[in-house]
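Undergrad: Got a structure for you, questions after.
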Amino acid sequence: MSQNNIHEHRILILDFGSQYTQLIARRIREIGVYCEVEPWDIDVEDIVKFGARGIILSGGPETVTGDNAPVAPVEVFELGVPVLGICYGMQTMAEQLGGKVINATEHEYGYAQVRAHGHTKLLNDIEDHVTPEGYGMLDVWMSHGDRVDKMPEGFKLMASTGNCPIAGMANEEKDFYGIQFHPEVTHTTQGQRMIERFVVDLCGCEKLWTTENIIDDSIARIRQQVGSDEVLLGLSGGVDSSVVAALLHKAIGDQLTCVFVDHGLLRHQEGDQVMSMFAENMGIKVIRVDAEDYFMNALAGEADPEKKRKIIGHAFIEMFDQESAKLTGVKWLAQGTIYPDVIESAGSKTGKAKVIKSHHNVGGLPEDMKLELLEPLRELFKDEVRRLGVALGLPSDMVYRHPFPGPGLGVRILGEVKKEYADILRLADHIFIEELRAADLYDKTSQAFTVFLPVKSVGVVGDARRYDYVVSLRAVETIDFMTARWAHLPYDFLEKVSNRIINEIPRITRVTYDISSKPPATIEWE
C-alpha cells in the first residue's frame, strides 16, 4: 500500500493544552484512522496543507473568557470539513461563532449523567440507558469550570446535565459539534462510539491505519529513503529500539548493523537474550560491546543520582562512538523516536521550532560522524509500537515488558554502584519477576522491580547471626505513569518472594515492600 493511501484519510487535532489530547489521538488511531496533534496556534497554511477530513479542538486548562485566551484559527470553520469541539474546544467554538461562555457557579469534575437531545447525527442511538420518560442518558466524564450560556446562531441543543444546560450543541448543516464532556476517557462509556461516529460517519474516513498497512508503508518509505546505504542502530534491548531493529531488518536486511552496549547494569541474562533474539534467531548483524568494567570504573565513588545518570550517559556515548567509528560505510543512524517525543517537543508559538528532543539511545553524536537520521517509528504511539513488534515476530513477553530506565540498575542501586551490588540486585529482581509471572500477576501490574538499599540489617540464618544487605520490592498500577498506586499484591505472594530472595541470595537478610503512591513518591527510587 502506498504512503499516500495510508495517510490520506486523516484527522487534525488542535491542542489547547489538555492532559487528554494524546488520548484523543490514540482513540482515533485505534479506530484505524491516521491523525496528528498540532498546537492550537499552528500556521493557517499548515492547516490547509494538512488536508484533514475533520478537525477536533481539544480541551485545555485556560478560560475562554480570560485575556489572551487561546482560540482556533478562524479558517478552521471555513474549510468545509466537520469540526468537533471537546470541553474548552466547545467553548471556544461557541465564543468564536457568536455564542456566549460564562464562568459556571457549579463546576463539574468527574462522573456525570448527560441527557441527549434532538437525535443529532453525532449522538443518535448512542446511549447508556433510557429514563422512564424515554430520554437517552449517557454516563460521561466532566472537567470544566466555564460553560456555554448561549449557543451560536444555527446551533441546536444536543445534550444537557442538571448543572450544565448546554452540555452539547450541534450545527448539523455545517457539521460543527461541541460537547462539554470528554469522550476520549474510559469513564465516558460510549466515548469511543462517539469518536468513531464523528471520524468515520461524519468525516467519511476509511480505516486504513492498520498494523499491517503501517508495516508495509514503513518498509516502502525506509527503502525509498535509504536506498542501498548502510544503517547503524544503537540496540538497547528496550521496546522501541527492538522494534526498529526488527522493522529495519525486514526492510533492508544486511544493510543494518546494530551496536549493543552491555554496560553490566541490565536485567538477569538480558544481554544474552538480546543476542539470542536478534543475532541468532533473526540473523541481524549485532556487535556486542562488553563494557561492564568500563562503566563500573566510571561510576566508582559516585552516589548522586543525577551525576550517576550523566556518567552512564557519557560512558554509553563513548563506547558507541568507538564502535561506530570502525564502521566506515555507514550513512544513516536509526533511532527509536516515537510520536509522543515529537508532540512534546513542539510547543505553541513560544517554541514552534519543532526541534525533536534528543531522545537519542546514543545520547549526543560526534559532529564528524555526519550521519543522516532515520526515525521509522516517529508517527507511532507506544501501544502502536508494541502491536508492530508482535506483528514483526518479536515475542509478546519482550514487547510488553515493563519499562526499564535507560541507566538500568544504575538508578535502582541507591548510592554508589558496584559490581557486587548489581549482581545481588539482578538475582533478587529476577526472583520477583519470575514469581509475578508464575502467579499471573505480571500483566496486572504496570511496573515491578527490586531496589538495592545501601544499608545492612541483622538477620539469623540457622543459628548464626548475619549482617547483610536489604532490598525493597516495588510494584505499581497506573494508566499513564503520571500518577500511580502501589500494587496491592497478596501477602502470601509477598511472603513467598521474600523467602526465596533471602534463602537463595546469601548476601540479603531483609526484604521490604514499598507502599508509596505517586505522588508524592516517584515510581523509581532515583
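Note that Cβ sites are derived from N, Cα and C of the backbone, with glycine treated the same way.
Straight from Swiss-Prot, here's the annotation block:
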ACT_SITE  CYS87  active site, nucleophile
ACT_SITE  HIS182  active site
ACT_SITE  GLU184  active site
BINDING   SER236, GLY237, GLY238, VAL239, ASP240, SER241, SER242  ATP binding site
DOMAIN    10-208  domain 'Glutamine amidotransferase type-1'
DOMAIN    209-401  domain 'GMPS ATP-PPase'
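Help me understand the surroundings of these features in the structure.
TA: Counting every protein chain shown, the number of other Cβ atoms lying within 10 Å of the Cβ of CYS87 (active site, nucleophile) is 25.
The Cβ of HIS182 (active site) has TYR20, GLY59, ILE86, CYS87, VAL140, TRP141, MET142, SER143, THR188, GLY191 as same-chain neighbours under 8 Å, each 6 or more residues away in sequence.
All protein chains considered, the CB of GLU184 (active site) has 25 other CB atoms within 10 Å.
Reduced to three states, the DSSP call for VAL239 (ATP binding site) is helix. The Cβ neighbour count for VAL239 (ATP binding site), using a 10 Å radius and every protein chain shown, is 23.
Here the domain 'Glutamine amidotransferase type-1' (10-208) returns a mean pLDDT of 93 for the predicted model.
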Undergrad: Tell me, if you would, which residue among SER236, GLY237, GLY238 (binding-site residues) has the fewest other CB atoms within 10 Å in the structure shown?
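TA: Minimum Cβ neighbour count within 10 Å, taken over the binding-site residues SER236, GLY237, GLY238, occurs at GLY238.
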Undergrad: Identify, among the binding-site residues SER241, SER242, the residue whose Cβ has the fewest other Cβ atoms within 10 Å in this structure.
TA: SER241
Undergrad: Determine, to the nearest whole angstrom, how far the Cα atom of GLY237 (ATP binding site) is from the Cα atom of GLU184 (active site).
TA: 32
Undergrad: Under a three-state reduction of DSSP output, how is CYS87 (active site, nucleophile) classified: helix, strand, or coil?
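TA: In three-state terms, CYS87 (active site, nucleophile) counts as coil.
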Undergrad: Within 10 Å of the Cβ of ASP240 (ATP binding site), how many other Cβ atoms can be counted across all chains shown?
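TA: Excluding its own Cβ, ASP240 (ATP binding site) sees 21 Cβ atoms within 10 Å.
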